[in-house]
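What follows is a single structure, written as structure tokens, with notes after it.
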Amino acid sequence: MTIASPRSPLTPHLARLEAESIAIIREVAASFRKPVMLYSIGKDSGVMLHLALKAFAPGKPPFPLMHIDTTWKFREMISFRDAMAKQVGMELLVHTNPDGIARGINPIASGSALHTQVMKTEALKQALDKFGFDAAFGGARRDEEKSRAKERVFSFRGPGHSWDPRAQRPELWSLFNTRIRDGESIRVFPLSNWTEYDVWDYILAEDIPVVPLYFAKPRPVVKRSGTWIMVDDDRLPLEPGETPEMRMVRFRTLGCYPLSGAVESTAANLPDIIAEMRAARTSERQGRLIDTDEDASMEKKKREGYF
Amino acid sequence: MAARAQHELLRFLTCGSVDDGKSTLIGRLLYDSQLIFEDTLAAVARDSRKHGTTGEDIDLALLVDGLEAERQQGITIDVAYRFFATPRRSFIVADTPGHEQYTRNMATGASNASLAVILIDARKGVLTQTRRHSYICSLLGIRDIVVAVNKIDLVNFDEATFERIVGDYVTFAAELGFRSIVPIPISARFGDNVTAKSGNTPWYHGPTLLAHLEGVDVSQDLSAKPFRFPVQWVNRPNLDFRGFAGTIASGTVAPGDQVVVAASGKATRVARIVAAEGDLDRAEAGQAVTLTLADEVDVARGDVLARPAERPAVADQFAAHLLWMDEEPMLPGRGYLMRIGNVWTPCSVTSIRHRVDVNTLEQHAARRLALNEIGFCNFSAGQAVPFDPYEENRATGAFILVDRFTNRTAGAGMIAYPLRRASNIHQEHFTIDKASRAALTGNRPIVLWFTGLSGSGKSTIANIVEQALHRAGRATYALDGDNIRHGLCRDLGFTAEDRVENIRRVGEVAKLMVDAGMIVMCSFISPFRAERRMVRDLLGAGEFVEVFVDTPIEDCIARDPKGLYAKAQAGQIKNFTGIDSPYEPPEAPELHIRTAGRAPEDCAAEVLEKLRAAGVRC
């Protein structure tokens, strides 16, 4: 595919972030036997994919995309994913944990912690092992959460995908240590130094497609634990007296629909989203129900192999 | 201010001792620049009551102390990166720990920063750690410093105290080559002079910390330096396109520019600068681009393109500062992997010229570098590599060393200058070579490397093998500890450093003998994998046969042919392998001989069988 001309020239700040990320993505292609790019369909994944396309132009990125499908993603995410893969012409691998399906794991009855563990963390490990990937790109940013702030750009994983914060290698300059032995792997985060603002500014400047769920629209929702949950299909059991109502809402982050809180908003285009974000007084993770149990929960999940 | 400049990024690091208030300062910057979201603040308020050190107030340090382990201990143990922006500038802060044992983390943060905020506790003044951190900043190429004299509230906002600390610092830092030193009296906890001018320090007329960070010019003007393009990836999507992708380390480039491949000297011109949205007519330092060249010259990942008149040094020997970051000490002669630019090559330190005491900046003699030590060393790399002095170009003058077995990032290096000695010793090309010498003797030149504990039977087996080879008319020589340590290596002892040097010399001698067409038997304890690997790398493929003479230590002690174990156990011999010095068994030897319950002749037959299989007639 060709990349559309940017709407506006990048600011020096965004140009520098872009160049750094492209260098990281190329480094993986040059240094690893079998890399894969994790594609979660969200805005960060969209930016990462866009950067990969730029990094290898006029060729295509020399690795496939992979989506870990919990089967509970918004329907609009899945159709967007398939359309994007087709548009960019890259191979898309989709993996769902068959054991989790067999056990009937779901975010509602099983709870968010077990669902995430089985359908995301375990599923990811299964998929990486199944295809023998030795490097996997993820779209995580250091500004998202405290334990992420210490994450390396090239994050070393021991046998069994284990993450030991004390075994991480010092990263000096841009001289990444890409050497691993059999059974070990690296998770690579090209967007480490981007902030949520940078991501949206870049999406606007480069005209990158995003899932329509980020834009405000009347959607059927119910209020739970102080946040709006969208009734995306009839698998969401309604509690007694609960009736979906149409509200003008949008999502700041996307995940499994029963775990993604919507915010009331009228921001229906990119400039409005950016204006709304700049005025916001809550972090984007607030809408993510998986983080709220304990503040250190992300570190725990990472040790177990979560992105 | 122009719109473009408004979005310039500043990467800086904060350093100071434990409890100087680094995390609190960063928390304050985030809090005051309103980057803390309500839900994050609510979590911190909850945590303050659990882990905090500030009583009922919100402990701002908890905003930035990330990992669970360190929050419980109330210390920062790893580099964390924080992000904030004001209308004038975006910032990335490396929050680096002040602990003595975490110097490597500070260097990590400094390697990508262009300014350092050095925190000094107003009650304590300039400490040993302050000196250490300042030296590391200087070594890593930071030229602009802010001295934040923190906890000024705890010395009653006293001007004299502030002036005394600033005076001490400026005196100490005179030899560190900083371009600017800006002292600011602050209280991170209460916010004085962090983002707003404090009414408590009427005697201070300088900028607040944030105002200074927003306005400071740290530009290095990399685009004005000589063009350097380290090739990262060769892009060949089809037969018609061959592009060289990489990030411009310095200088500028345009189509039509003459360029040379630094290592080979091959010259060509830049044809196009290819980008996803169309060709560019110019590109400069920092841009990640893809170049195509006018001619089909040989260019691969690791090559550096430069202008013909402004080439980098190309050498396999150089002098550099080395910061050691691994628990396992650096030993001269030991083989590591070096990454410089996009090149990976074997590399070793040939000598430590001096170690720098980071507290006093004094130079000392040293035979090894331990964790967090810094030395100025001579290096020898496996191939000639292009580079610039680090002072001139951080991107092309820096390298890392990686442990060959654990793959840990073990050292960070900053090149000072190339050493010309290698290029002055021109190798004579003699007409008679290894193959012709071997043809005359009928030998297949090879090294049999017997490794194992003292008393394991290495020399005994080697002796029997040599007799058999001799009877078969093969030209042989046996090297062992006795004939080497009484002559060639009589100056060496048995410390780890000396063992490495001993094996290096033996390896070089064995290599010469193989070149002379001989079959060489080497019997050395050679306890470290790294050195056996080094000798293997000196020789050609198939010329090194590692024979692991595997005898249980109980058997060696029982045999004790030279009475050495008895002495070692009595403490009369130090650094004795197997007693108080480690033996690292081979992971994949060509031959693994378990001697327990077997006659030496039987073991030797096994070696001879291996030699026959390798093409030696015997």
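Cβ coordinates are placed from backbone N, Cα and C, and glycine is handled just like the others.
For reference, TrEMBL has these:
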ACT_SITE  B:S526  active site, phosphoserine intermediate
BINDING   B:16-23, B:95-99, B:150-153  GTP binding site
BINDING   B:G452, B:L453, B:S454, B:G455, B:S456, B:G457, B:K458, B:S459  ATP binding site
DOMAIN    B:7-221  domain 'Tr-type G'
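Sequence features annotated in TrEMBL and their locations in the structure.
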| residue | record | Cβ within 10 Å |
| --- | --- | --- |
| B:G16 | GTP binding site | 23 |
| B:D19 | GTP binding site | 16 |
| B:T96 | GTP binding site | 28 |
| B:G452 | ATP binding site | 27 |
| B:L453 | ATP binding site | 24 |
| B:S454 | ATP binding site | 24 |
| B:S456 | ATP binding site | 26 |
| B:G457 | ATP binding site | 26 |
| B:S459 | ATP binding site | 20 |
| B:S526 | active site, phosphoserine intermediate | 28 |
Around the ATP site recorded as B:G452, B:L453, B:S454, B:G455, B:S456, B:G457, B:K458, B:S459, what other same-chain residues have a C-beta within 8 angstroms of the site's C-beta center?
B:F450, B:S523, B:I525, B:V549, B:T551, B:C556
Just to verify: the residue among B:I152, B:G455, B:K458 with the fewest other Cβ atoms within 10 Å, which of the binding-site residues is it?
B:G455
Out of B:D19, B:K22, B:T96, B:S526, which of these recorded positions is nearest B:K458 (ATP binding site) by C-alpha distance?
B:S526
Neighbouring C-beta atoms (10 Å sphere around the C-beta of B:K22 (GTP binding site)):
28
How long is the line from the C-alpha of B:I152 (GTP binding site) to the C-alpha of the residue listed as 'active site, phosphoserine intermediate', rounded to the nearest angstrom?
58
Quick check: of the recorded positions listed here (B:G455, B:S456, B:S526), which one has the Cα closest to that of B:D19 (GTP binding site)?
B:S526
Do any of B:G16, B:K22, B:T96, B:S526 (recorded positions) have a CA within 10 A of B:G452 (ATP binding site), and if so which?
B:S526
B:G452 (ATP binding site) - helix vs strand vs coil (DSSP):
coil
Shortest C-alpha distance to B:T96 (GTP binding site) - which of the recorded positions B:L453, B:S454, B:S459, B:S526:
B:S526
Segment confidence, the domain 'Tr-type G' (B:7-221), expressed as mean pLDDT:
84
